[in-house]
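Enquirer: Here it is, the structure, as structure tokens.
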């Protein structure tokens, strides 16, 4: 996103706050991030720093891409440098494990400012394809219509379409739970269960996400839109998906710790799966597919037993 904004607005200085001094050096001296996209040249107006105070000083927007499980502690540590009127655009998808909080709850609470301007950006968007300037469409959602409009103007370009929404809950819940569903889709792939079962599983997962999200106050149209069905399709069916990859390897019989130990990026679905069971209980929603993923991750269930359980569920009317 830093590269995208910098490319779109060459007159802006885009500060990238990073933790790794080597990544910082690589961006500033070589204009590339040797760790993630070594082949891609970054615009010269992307300037990396490890200094939060310097990065946030006089900022117009903050695009927040810290993984959900670490966001609260990270933001608490830099809160003193954050202007109370600085709009946060959250790119992080998931639910905090023990608290079940979404990013729209985590950010203002960690910054101790309930009025911190907040926007969520979501939708089917692999970073590599954005870096390659391939056509992409995403959604910005905010309760503040003017703020959503401003974010839309900042981000929309020839290769990135941005839709607006006021349904923050729908966009966040769909963005979090599609990662859990992608693990399930990967398990089906890893077990070689075929295309029929893949289609049935993803359709059931989409229904479960819709049931929960609408109980939490989301609009069902959000769940069938770009940030719901659109993102679910991408994450469940395409090999670039980190969460799907975790599922494929689980379905092939690998151990979860070995899988996570070999990855250099975070698969948010693994942590978010733990929150699914608690949410299903809290809102009294039956979610057999998504809760099965949580039980597989917690070693309570093998993928083989999960398939038997799902196929043995009572035959029901379509809801």
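Heads up, the Cβ atoms here are built off N, Cα and C, so glycines get one too.
TrEMBL feature annotations, pasted as is:
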type     : residues     : note
ACT_SITE : 178          : active site, proton acceptor
BINDING  : 70, 127, 242 : NAD(+) binding site
BINDING  : 93, 242, 243 : substrate binding site
DOMAIN   : 3-147        : domain 'Glycerol-3-phosphate dehydrogenase NAD-dependent N-terminal'
DOMAIN   : 167-307      : domain 'Glycerol-3-phosphate dehydrogenase NAD-dependent C-terminal'
Enquirer: Give me the count of other Cβ atoms within 10 A of the Cβ belonging to residue 70 (NAD(+) binding site).
Expert: 12
Enquirer: Specify all same-chain residues, apart from the site residues 93, 242, 243, whose Cβ lies within 8 angstroms of the center of the Cβ atoms of the substrate site, ordered by sequence.
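Expert: The surrounding set, listed in chain order, is 179, 182, 235, 241, 266, 267, 268, 269.
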Enquirer: Is it possible to get the count of other C-beta atoms within 10 angstroms of the C-beta of residue 178 (active site, proton acceptor)?
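Expert: Around residue 178 (active site, proton acceptor), other Cβ atoms within 10 Å: 33.
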Enquirer: Round to the nearest Å and give the CA-to-CA distance linking residue 242 (NAD(+) binding site) with residue 178 (active site, proton acceptor).
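Expert: Taking the Cα atoms only, residue 242 (NAD(+) binding site) lies 12 Å from residue 178 (active site, proton acceptor).
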Enquirer: Could you measure between residue 127 (NAD(+) binding site) and residue 93 (substrate binding site) for me? Cα positions, answer in whole angstrom.
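Expert: Answer for this pair: 14 Å between alpha carbons.
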Enquirer: Across all the protein chains here, work out how many other Cβ atoms are within 10 Å of the Cβ of residue 243 (substrate binding site).
Expert: 27
Enquirer: Using DSSP, what's the helix, strand and coil tally for the domain 'Glycerol-3-phosphate dehydrogenase NAD-dependent C-terminal' (167-307)?
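Expert: Summed by class, the stretch gives 107 helix, 0 strand, 34 coil.
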